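Straight from TrEMBL, the features:
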TRANSMEM  20-40  transmembrane segment
TRANSMEM  52-70  transmembrane segment
BINDING   E111, D140  UDP-alpha-D-glucose binding site
ACT_SITE  D140  active site
BINDING   K277, D301  Mn(2+) binding site
ACT_SITE  D440  active site
TRANSMEM  512-530  transmembrane segment
TRANSMEM  550-580  transmembrane segment
TRANSMEM  592-615  transmembrane segment
TRANSMEM  635-657  transmembrane segment
TRANSMEM  669-691  transmembrane segment
TRANSMEM  711-729  transmembrane segment
Amino acid sequence: MGSEGYLPLFETIEGKGRVAYRVFAASIFVGICFIWSYRVRFVPEEEEEGRWGWFGLFAAEIWFGFYWILTQAPRCNHIYRRTFKHNLSKRHEGHLPGVDIFVCTADPEMEPPAMVISTVLSVMAYDYPPEKLSVYLSDDAGSELTYYALMEASQFAKHWIPFCKKFNIQPRAPAAYFALHTDHQSNEEVFVQKLYKDMESRIKAAVELGRVPEEIRSSSKGFSQWETYTSRRDHDTILQILIDGRDTKATDVEGSRLPTLVYLARAKSPQYFHNFKAGAMNALLRVSSQISNGQIILNVDCDMYSNNSDAIRDALCFFMDEEKGHEIAYVQFPQKFDNVLKNEIYSSTLRVHSEVEFSGFDGFEGPIYIGTGCFHRRDVLCGKKYSKGYRNNWNSDYRNSKDSVNELEEKSKHLASCSYEENTQWGKEMGLRYGCPVEDVITGLSIQCQGWKSVYCNPERGAFLGVAPTTLLQTLVQHKRWSEGDLQILLSRSSPAWHARGKISLGLRMGYCIYCLWAVNSLATIYYSIIPSLYLLRGVPLFPQVSSPWLVPFTYVILAKYAASFVEFLSAGGTILGWWNDQRIWLYKRTSSYLFAFIDTVLKILGFSDSAFVITAKVTDEEVSKRYEKEMMEFGASSPMFTIIATISLVNLLCFLGTVKKAVESGSGLVMVFHTMVLQVLLCGILVLINWPLYQGLFFRTDKGRMPTSLTIKSFIYALATCISFSFLL
């Protein structure tokens, strides 16, 4: 494995059953080919009804087959990683690299300051030398409330960090820890909890008041920077070093050093486009290079607190490995959540993506960058291309400034000014890339195309936990942004389909295309969700009859695919009902989020639309939370996405009921309908069954989470008009 006496810092374990799965996948592909052959051989004659519906289904089945092939790339090549942190400590404890941690927030209303500082405190308390740890909070709203919360956190950290390390507690986000530990508390724990609750109360009181009390403002010079503040979209750079980790006097209550803590609100002006989170991250990259210049950078969303105090050391096991570490640009941890219910009503965990597909990407050049829970080499983010002779000097002095705090703040402010990036490579070849709603994905792709590899680290104890959407609309809006951004990448100059050719492996290119083609999936899914049901209502078969041998490939492909999906979900830790909910959300995303993403991308190409970054709310109404805990699907608002999914569900319900009515009234009965159109009956019936929570929201629920009455009426009229026009006009 290497030179004599070499102790690896990590190992790679090949996934079990890869050969068996490849054989299984090959059998499904044979079935798909038979389905395509059936469509070609039995095209209805020109005068026969259903000819155009047949062609549409054939096109949809070609698409589904092609997309299924893409999804097999990661499933046929999955690997797993295991780190050896004890070896890291033996060899490198005395010269560990500096680590800069970036926490990003953008709206104090949707991302409450109390939640933000709980995340900040969790990453300040890592089991890592504090003099080599620096934490930066980027506040893109430039809110004095967020700054005040961070100022409070800087004082509470003096008690919290030694408490965490003394008792080796997990997790180290105070809000999460005290929510989990309410019984049998020690005196010290009661004392620290009281300090935290008092701090939290002061922060929430200021938020409710809408401003920081005057006596607090006058006691801190940092608030003077808001004197020139006009609005969140128009202000100068606000930079404050709250804890200077270089200062040996910056200690906790037990005399131990504290990590550096910095607040940054980059300058904003209506005359400049600020590139959302990517722009904020790039400002942090430049400012941190002056203050701490850590060789490793971790970025987390403001709701994604540290759940594993060893996560830094896990990441360093990859970066500092003597044989493989020099190839690795970033280490991606999975995105997990602490508010997900047992049966995952909104499928928010993306369980199969994180447990199955990302392990498969790791079998190629590594996973995509998902924008949070990721450790980067600073020099790679700043544009360094890979070369075979590259070796990192971990012994270099990473803190390069001897200036005082005030001098350092003033020197660094211009790095976050509005005009700094003009006529530079920032956002193009340096830092996170601009011009795309999913800046993380395109940045990771660009890094991998430069020759670097990435690693997926999924330890037994999750490294980070965040807040998942608690309403259906939040889920759909989030996926609309993701799928729109991914499609834009596919159509851009950085496309994995053609730009990445020869730069990354075919398997990884296929993996990227899985997500880049999410939006395009909407077209085939909507067609398959409506047209077979409408032809069922007319009594026109589009699939083989029960007595036909051609029914076998359809049956095999359907059963095999969903059996594999079911096993994947359960093996990844899901439940049976969770899998069923996952199928429902899969349908809703494809018929609403992805459709709107596809439409908006087309409109943008034509010059009729611009991209916008949508923040997912991290706070929820109390009544909504109660319904969420009861696993009741939340509608409540009127949205074009709800109109589409409601209309499609009602079309299927009307078609199913209409078919039953016709069959009962006719002499042939239900048996004949089932014999001639068994797959259409089953498809329509399953679509009705899977939409049961939607029907409840439309017709039976009386709480505020039901569908709005106006939307129910509108959707019913659309569905009824569709069924009538299809039955009588065609």
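Cβ atoms here come from the backbone N, Cα and C positions, even for glycine.
D440 (active site) has K277 as its nearest neighbour among the binding-site residues E111, D140, K277, D301, going by CA to CA distance. Remark: the transmembrane segment (635-657) contacts the transmembrane segment (669-691), by the rule of 3 or more CB pairs under 8 A. Between the transmembrane segment (20-40) and the transmembrane segment (669-691) there are fewer than 3 Cβ pairs closer than 8 Å, counting only pairs 6 or more residues apart in sequence, which means the two stretches are not in contact. Rounded to a whole number, the C-alpha distance linking K277 (Mn(2+) binding site) with E111 (UDP-alpha-D-glucose binding site) is 14 angstrom. Counting only same-chain residues 6+ beyond the ends of the transmembrane segment (512-530), those with a CB under 8 A from a CB of the stretch are 56-57, 59-60, 63-64, 67, 70-71, 73-74, 357, 368, 441, 445, 479, 482-484, 486-487, 489-490, 495-497, 500, 587, 589-591, 594-595, 597-598, 601, 648, 651-652, 683, 687, 722. E111 (UDP-alpha-D-glucose binding site) is 10 Å away from D301 (Mn(2+) binding site) when you measure Cα to Cα. Of all Cβ atoms in the protein chains displayed, 25 besides its own lie within 10 Å of the Cβ of E111 (UDP-alpha-D-glucose binding site). Every protein chain shown contributes to the tally, and the Cβ of D140 (UDP-alpha-D-glucose binding site) ends up with 24 other Cβ atoms within 10 Å.
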